[in-house]
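Q: The structure that follows is given in the form of structure tokens.
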Amino acid sequence: MSDLPKDDDMTMVPLVGQDETTASTELEALNSKGEETQTNGSVGIQTDDTKEQEPQQPREEDLNPTLAQFMAACQAGDLETVKQKISSGEVQASDTFSDGVTGLHWAAINNRLSLVKYLMENEYSQADPNAVGGNLRATPFHWACRTGLVYVVDYFLTHTDADPTMKDSQNYNALHLAVHSSNITLCIYILLSCVATDDPMKRIYIDEPDSIKCTALHWASYQGDILTVNALLKYGADVNKVDQNQMTPLHWAFIRGYKSVLAALLEAGSDIYHKNDKNKDSFGVSQDMNCENTWLQVLREADRDQKNNWAPRTHLLEPKPAKVVTFLIPYVLLPIVLRLCNFSNGLAIPEIFVSGLLFGVGTLLTKMFLIPMYSPKDTSILKSPYLAGLFSGTAFWCIIVWIFAILPAVIFKRFVASVMVAASASLFSYTFFKAMFINPGQIPITTDSESVLKDVKELISLARFDTEHFCVNTFARRPLRSKFSRFSNRLIARFDHFCPWVYNDIGVRNHKLFLTFTYSLAVAIVSFFISSIKFFDVAEHGSGYDSDIDEKCHLLSEDLCKGFYNNHFIFNLNIWCLFNLVWLGFLCTVQTFQVLKGLTTWEFSSLNNRVNNPMYNHSTVPSDFDGPRPPVESTSTVRRGHNHGLGVCCKLLGLDQFVMTVKLAVASLFRKTQSEVPGPLENLHIPTDFGWQQNWLDFWFIGDVTWRNLFYLPIEGENNLNGQIVDYYKLYEYPNAGAEHV
């Protein structure tokens, strides 16, 4: 049998105590998530009038109904009743039943912040935040931590003498209980306030063991809580601490078997050969927990060599040279494939098969051998420089063909088109490489815990300390319109999307470059095609060309037919460019529409989900919070789509965005022509939409609308919004807008 606790065997996992089964304990409070069972106006009292029972001794609640009413009022947040009981002297704030649970306990666990403040600050009888009660002998501060109530915890730590270093009967301190709550915002708050602090009265050792010698990292690993695991590792939690059974956090992580948690612990330096008291290392434990395949996959994705005792693998190339080779491979594959496809010689099917096989094998070998050298966890072609190389390789061969073959033949016959090709090719080449290598708008991140805690405190005062306003990956306050990028692992200001065609995120600093690139590329393709058609006509009269092509082509024009038979490489190159023009047209349409609406791609794609299916943001703002309240959003749900192969293809080509653009445009049109009540998507207020003219000018100009400012790029995060220069690195409120987020 396994030496680790199963999910249904909690004898070794005393999260909330084994002996608390009645309604008057904190287990009842935890299971009800702060809303206690109330019957007949008393706390945790349940009656059954339908059964005859033997006479029993009177209960404490019956003997002291005044205190029972007080406890019920603390539970329900009935501030007036509590004030009346306290001010009249009927009840003292420290009064309890035999379990030792005070009214402050119930107010704290039910997130009744105003009531907690009254019990602590009233002039008649003040409560003790360090009073222990319940079978777990826990304080009100512990109860608030266990349920993840950030605002109550902040009040205790900021305005009272609550001791975060105290432990309950299971040796759980505030950090253990915050981890048990699985609320990442509370875990971050405790880490900043009690772990990274210099105050010895509040400091908690991050690897403090509980009664079974488990640390906070053990519990986070057991719960499969990757956000908390990463936060603990960020502040120096030891991955090789052992519990009473000599089990490390890695061993505990196998209980849930979450791949992300296992990978994080491995990357942090977990000893994969450490043995527990059953003499089993990580491989034996993973086998017992039925997640051996997952563990082996984690090791392979961490670039470990199974043949070398799972030591880090060595590669022929370093990551940077491997990326360069990946980028350059399409430069070689593309001309070979286009050269092979000579459909006019009667061998179309074999040539298509061979060229397709060659391209597929080349791509597969790149995915199998090159990409793992710099990205072993994610070998997706979409997250590699391959597609950027495919585009630039296409552009390279088009430019070579145009300079050495097409231009000499058509420069005087198609002068305007030739000039357009030269100008647009120069522009898209510059903007392509500039957009690829420029910093897209990575927000600077402070490593000073005091500065981070200051930001957290400010967010709490604004009732905005949640995952929408605070980045739990970088521990930084999130400016409006920013998003954490999984590609760069950085917080990107005015994030638009990750573009595999330029192998970079698109943000505030390179979005204008990217849109210029797409526009100029579309013009270049059309101009190149026009020049190529004339070239096919001119080249027909050269020596060695077949001029007898009458009625050989039924679907192509006469000039294209000449190219099909006499210049198949240039013809294939044009067909490939026209194919790319299709998705490029979708992209230009969507991007233009979004700019005119004042939206980014990320905001636009999540527009419907934000209305119909908002994600849980770990917010615990009390209902009686005394201050500004965050906007209330709809909580209805919709069915989410699956990320199947067709969906990935649509995203790659921009079709999903194009479809949504059409839907929104049609919805807007019908809203103007019909009198029906608009749906949530059509009726949504977009705080960054200041009219299509202003939105367009805001995108292209920094500062005043002058020609000189059109060519400026942001030095940091500056850009226009509603005609004003704003810093997207520090944008926390929209100018002249009431709602804060889309």
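Using the three backbone atoms N, Cα and C, a Cβ is placed for every residue, glycine included.
What TrEMBL records for this protein is below:
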REGION    1-61  region 'Disordered'
COMPBIAS  37-47  compositional bias 'Polar residues'
REPEAT    99-122  repeat 'ANK'
REPEAT    215-244  repeat 'ANK'
REPEAT    245-277  repeat 'ANK'
TRANSMEM  322-340  transmembrane segment
TRANSMEM  352-374  transmembrane segment
TRANSMEM  386-409  transmembrane segment
TRANSMEM  513-536  transmembrane segment
TRANSMEM  569-590  transmembrane segment
Q: Determine which recorded stretch among 322-340, 352-374, 386-409 has the most C-beta pairs below 8 angstroms with the transmembrane segment (513-536).
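A: Out of the listed stretches, 386-409 contacts the transmembrane segment (513-536) most.
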Q: For the repeat 'ANK' (99-122), how many residues does DSSP put in helix, in strand and in coil?
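A: Output for the repeat 'ANK' (99-122) reads 16 helix, 0 strand, 8 coil.
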Q: Please indicate, using numbers and ranges, the residues of the same chain that are 6 or more beyond the transmembrane segment (386-409) and have a C-beta under 8 Å from a C-beta there.
A: 326-331, 333-335, 338, 363, 366, 371, 418, 421, 425, 428-429, 432, 436, 500-503, 524, 528, 531-532, 534-535, 538-539, 569-570, 573, 576-577, 580
Q: I'd like the per-state residue tally for the repeat 'ANK' (215-244) from DSSP, helix first, then strand, then coil.
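A: Helix (H, G, I), strand (E, B), coil: 17 helix, 0 strand, 13 coil.
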Q: Using a Cβ cut-off of under 8 Å, list the residues of the same chain at least 6 residues beyond the transmembrane segment (352-374) that approach it.
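A: Sequence-distant neighbours of the transmembrane segment (352-374): 303, 315-320, 322-323, 325-326, 329, 333, 336-338, 340-341, 343, 381, 384, 386.
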